[in-house]
Structure formats: C-alpha cells, structure tokens
C-alpha cells in the first residue's frame, strides 16, 4: 500500500523536479487523449512541443513565442507576488482589459498628433488603469473584508462588458464603416508598440516582461517588502509579529499585479492586436494563473513557464489547423498541465512510502 | 498490587536519523499510577503513541492482560480499553460539551442519553461539567475535563495522560488528583507523563525514566527525592538558576489602565491592566491559559494597538506604535506559539533571525536585506544558546520544540532589549534547556533590562521573579513581592479554584 510521509524539510530536488515530471505526465495523459481522438499521439505531441521551435516554418512561429509569452510572464509575475502572500487575484483578465482600454484611450485621444511622449503616456495610462481596476477588490477587502477572489473574478465580466461598450461606442473608429472596433494603432506611428527588431517578435512588452522578472527576483530575495510578502504567505501571524500591516500588503500586492496586467493589455492592444475590439481578450489573465503556479511562483520559473505555455498555445494552434484537433482538446491539455503540477507538488513536502499491510 | 495490566517488552522505534525508542521495557499493574519521566526528545511521546496505536513499533511486543497487544490504530487501542488525554486538546470551540464528545464516539447515543451519562460520570468522579455549555467559554481546566470524560465514557482499563497539569491552577490540580485516585481505586491504571517532579512524587506509585530513547531506570517516586529523579532524567546534576536580587533601577515600562479588545471571538479582552517594571526587575505573571496572556503579549509587541498613553516606555507613550517602531525603541517580545507566530515554520533560521532582528541588528539598509549579516546573527544565536541544528540554513520546523524555543528566546535576548516580554518561555522545553533560558533571562535582568515573564509554570515564576501577579479573565491581580508567597495565596490571585462551580459567571 502506498503511504505519504511528511518530509522534515521541503525537498530542494523535488521543488525543481516537479514541473518537469508534470510536463512529462501531461504529455503521456495528453497523448492518450489525442489517441482517443484518433490522432497519432506522438505526432500530436511533436506538433505541439517541437514544430513551433524546429520545424521548417519555425521562423514564423518563434517570434510568436515572444508575443504570446510576454503578456503571460508579465501578468504571472504580478500575480505571483500576491499568491505568495496568500492574496488571490483571479481577475487579471479584467485588469488586462481595463489597462488596454485606458492605454488605447489615451493614444486615440491624441490622434492624429505625432509625438515621442504619446507612447510613454499610454504605458502609464495602461498601468494605472489595471491598478485602479485591481484596487476595487483590494479596497473592498481592506475596508469590508470581502473575498478578493470573488470580487476580482466578477470584475472580469464587468470589464468584458466595458470592452464591448467601448468597441461599439466611445472608442469606435469613426472611419470604420460602422464596424465595431477602434482605429488600428499599428497605423498610428506614435502609439504603435512596434517590433524593436523586425521579424523577432521583440516589442516593448517583451522588454517589460524581462524587467519585471528581474525586478521581482530582487524584490523577493533582497528586499524587506518581498520578505514580508513571503512571510505573510507562510505564517500570517509571524508576519504581523514582524510588523507587517496586512491591509497595506493587500493594497500593494493587488495594485502591483493589476498594474502589470494593465501593462500587458496596453502592449497587446498597441502592438500585436492593434485595436480595441469586442473579442480583444483571449484569456491571458487566466492562463497566467497557470503560468504562475507552473513556475512555482518563482520569477525565473515563471519566465520558463511562460515560454512553455506560449509553446503549447502556438503548438496547439498548429495542431488545430494541421491535425484538425478540436480547440477544446487543446484547452484540456493545458488544464492537465496545471492539474499534474498540483498533484506532483505533493512530493515536495511528502515522500511516498511503500507499506506492507501486515496481517493482524 | 494485583495483576499486570500492560507489559512492554523491548519496544524499539527508529525514525530516519534518530532512534526514538530503543529496547524499552516496563510493566503497568492494574490500578497503578505509573509515571513516565524524561526530557523533551527522550522518546516519551513516541512510546505513548505506540501504546495508543498511532505509531507502529519496529520491534518489541506488548501484552495487555496476558494477551498479545498490537493496536493498528487508535480505534483498536480504544476497543482494547486504552484511552488517552492529549496535552493539546482536540475540541471545537463553537460546539458544546456533549457535541464535542459525540464527535469522538464510534456509536454515539442520542444526545439526551449522552447528556445524562456525561452528568453521571462527571458527578461520580468529581469533575463538574455542564454538557450543554459551549466549549469556547470553558477554562483550560474545564476543557481538560471534557477530554477526560470523553475517555471515561469508554470504560478504559488504562488511561494515558500527557502533561495534564500544565494548564491547571494548584486547586484544579488537587481536583484532578482526587479524580485520578478514584479511578485507580476502581482498578483503572494510569500512565502519567509529566515534567513536574513534585507532582509525580505526590501521585505516582512507580516511575520509568527515559533518556535518549532508553529506559535508564525505575524508581518509587514517593521514596525518591525530586533532584534524584531530575538527575536520572538529564544524566547530570541540574544547573538551577540563581537569583541574586540586585537593586532595582528606574521604571522602564509603565502600563496605565491598558484595555484592549481581543481580536478573536473566543479570546479574552484585557481590562484596565496597570503595572510597572523597573530596570533589573523580573516580573512574573501567572494565570491559567486563556486568561489574556496572548492578548497582553500582543498589546506589548504592537500587534494589538491601544491608546498611546496606555503604554509608556522610558517615559515615551508607545501604545499606538506598531511592532517595528517598538523594537527600535527597545521593547522586545517572544510569543508563546513558536511555530507560526514567533517563527515561520518553513523559513530557514537565517530568515527567522531577520524576522525580528532586522531593525536592531542592522540587517537591512534602505529596505534591502543583508543576508550575510542575518546569517552571522543566526549563527551567533545558535552558538550562544546551544541550539542543536545542522546550521542556520535549516527550516525552523525541522528543529525540536526545545531547540527552536532556545533560538526564539535567544534571538530577542541577543538584541539587548530595554524591556523583554516573554510568554511561556520554557513551554515543552527539557529541563536543561529551560534552566539555560531562565538563566539568560536573569542575566539580562542583572544587566539592567526589565523582564516580564508570562508563564503557567508557577515553579518557574517563583524561581525567577522579583514580583508576581496573575491574570484572570483579562484582569491583573495585585502585584506582590514573589518572596514569601504561599501556594494558597497564588491560587487565590489566579482566580481561586477557577471553574469549580458549574455556574461560574
């Protein structure tokens, strides 16, 4: 009989090994799923994990990796700060939308003036927009003790309605022949988040993601605020004893994650997406939760996990178009990854012991 | 003495890296009170857990009334007539007494029958208890009665009690002893685990002494002195802290009508606490657990905020300041709960040194942390307080209770406090470590620090205090010089026979 035995100390080895084991387990279970759908599991797995990087069309897919990965990493870094402190912002998708709306709104307000200062102002507006949206659950929690999980999640749907209203109303392109959606910022040089090096997918959002990783690494490992965040997550009473003011930490963590999600939204709307439209958001805010946990809430881990997640996104799209796999199967596959990660995670704190059942 | 009830032969249990019990043998007769003595980490808990079926021995056998006995789980142990009262109660605050007892039963009878039975048992054994009172409102002594009655309802042949008197007033201890004597008169055997040697001498027929997992001797407690037993326990003569009672200096900490509402629904709010501590003084605050000790520590550490003037440190009002500001001014504290309050369980000792040491030890600059310095600080604590651990990189939860306590107290002592407040400084700590901690507190006082020791261990308070007061339902008794206080006086200060009457308001 199998039995779990608590380790005296969390295993260092397994902390690093679990994501790997989870990925392998996902490949096996996902492969079985694809086999049931009548596809060759090996081909399907190769399409998802190998083709985006090394196939003959990889030159097209590799930049996509950065484009998809950057918002995931940027949002996940913000979320990880709160998650470490036990503050659960589930509404990054909403903050992403509001950040994009605010940023794009500032850009469109200047149209057609050209100026170097327009894009920085948009970046600022995007961050502030996301932060303000995240401050709603934060303030409600601090003031009235509401549950930030519910409030932040519900605000996602409010933000989606806001997005629809903006696409059809205030931000609608006056020269768009009545179609919903704003002007295309890609055609407005001062507001365009263009590729920094053509053909690489490298835009300002990617730079921001890398900066966020470095900043968060320093914050968590070298700064008192990061120490207090970790302390609050692990032992809330000890944190209060150390002098942490829980309310302030809630505001900081939710504010920071909202700002980063807002930035991600701004870089997306001004760059790869180009315009505010009804179906602008594609679930980055939710996938980033998976990325944050897959990366063990560690900045470098999140960077790697963001890359992996982007890979399954792009690979999944290839598999959909080339192999005709349903998109639900791809989503299921991504869900499996989180499931296995959480399941294998047990091994960090417990070891499995084989126990013979003795005959009494 | 009639027949042998439980016989233990060569029990051995090893955990990775440590042998908890090695070849332990002894016997308990029917109706006998058998003491199990030993320092923390001597293997008492493991041994008891094997008897209660929580842990399986690696080798060795047990026989219960002549028949082989190897309980696979506590349920089997209970079915064989072995019951246990744990040191930490497993009761739900929000449920009433009868409901709590139902939860532990295999086939609970209807509530009304159970209530009648609880009343019956509680009257027979002199443990007054109303089955319909909410457990959250009960004193620690009353909660223990719930646990004992829960066991007695199973008609046990052997009752295991793990440090039962640590939460009781002297008067409550007497009530408990009367109950236990009644039980033994009916043939129930009791395995009694305790640090308190005088108690064992008063109550127990035989004692088995464990040291480092081995049975190092047995004795008849009534014919052995406490210090002889203590020496058997630690394997060396005890270093008893000495009180040199120097001149007291100026008042350092002044509480003036401090009232704080408890943040928890089942906590005790502090009501008009007034006291002064002088430089060089050790003020001992006794009281049964749950009478405002945690709240007082919180109010002093800065976790609970009061009106500014209610707390004055060296003439400066600090009641409205948070923990960091108070530390900076020299008011340091060490809470009772080691894991999760004084220390973060999953963090390393270095990180835990940072937890309170950052301000006074200069472990941060402009918010940036100096891990090298923190590590050196942790190493210094480990070195000076003889904390047994492979190194400062180890997680706090990997340390034994006594070692972590030495670390937590040492962390504050090493920061040269102006005023130090400790709650239960030697709770669950072995005799040698307890003596070291008490000596450190006395040394600190000798150096001019004002020390407040909140503790439920009266012997400890009598040993180190200059002045003594007691907390009772959030109020502080009169503070008297410790010298010359009698046990009866102390008991009355602690609230008399707290909870002796059922209708206690």
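Including glycine, each Cβ sits where the backbone N, Cα and C put it.
Note that the structure is predicted; figures quoted are calculated from it, not measured.
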Which range of A:46-64, A:65-83 is transmembrane segment, per TrEMBL: A:65-83
Contact set, same chain, for the transmembrane segment (A:149-171): CB under 8 Å, 6 or more residues outside the stretch: 88-91, 93-95, 97-98, 101, 104-105, 108, 133-134, 136-137, 140-141, 180-182, 254, 276-278, 280-281, 285
Contact yes or no, the transmembrane segment (A:300-316) and the transmembrane segment (A:119-140), 3+ Cβ pairs under 8 Å, gap 6+: no
Selected stretch (most C-beta pairs under 8 A with the transmembrane segment (A:241-264)) from A:12-37, A:65-83, A:95-113, A:119-140, A:328-347: A:119-140
Other parts of the chain folded back onto the transmembrane segment (A:202-220), taken as Cβ under 8 Å at six or more residues beyond its ends: 63, 66-67, 69-71, 73-74, 77-78, 80-81, 84, 123, 193-196, 226-227, 229-230, 260, 263-264, 267-268, 271-272, 299-300, 302-303, 306
Contact check, the transmembrane segment (A:95-113) vs the transmembrane segment (A:276-295), 3+ Cβ pairs under 8 Å, seq sep 6+: yes
Stretch among A:12-37, A:65-83, A:119-140 sharing the most Cβ pairs under 8 Å with the transmembrane segment (A:328-347): A:12-37
Closest-packing stretch to the transmembrane segment (A:65-83), where packing means Cβ pairs under 8 Å, from A:12-37, A:119-140, A:276-295: A:276-295
Residues of the parent chain within Cβ reach of the transmembrane segment (A:12-37), under 8 Å, 6 or more residues beyond its termini: 44-45, 49, 294-296, 301, 304-305, 308, 325-326, 329, 332-333, 336-337, 340-341, 343-345, 347-348
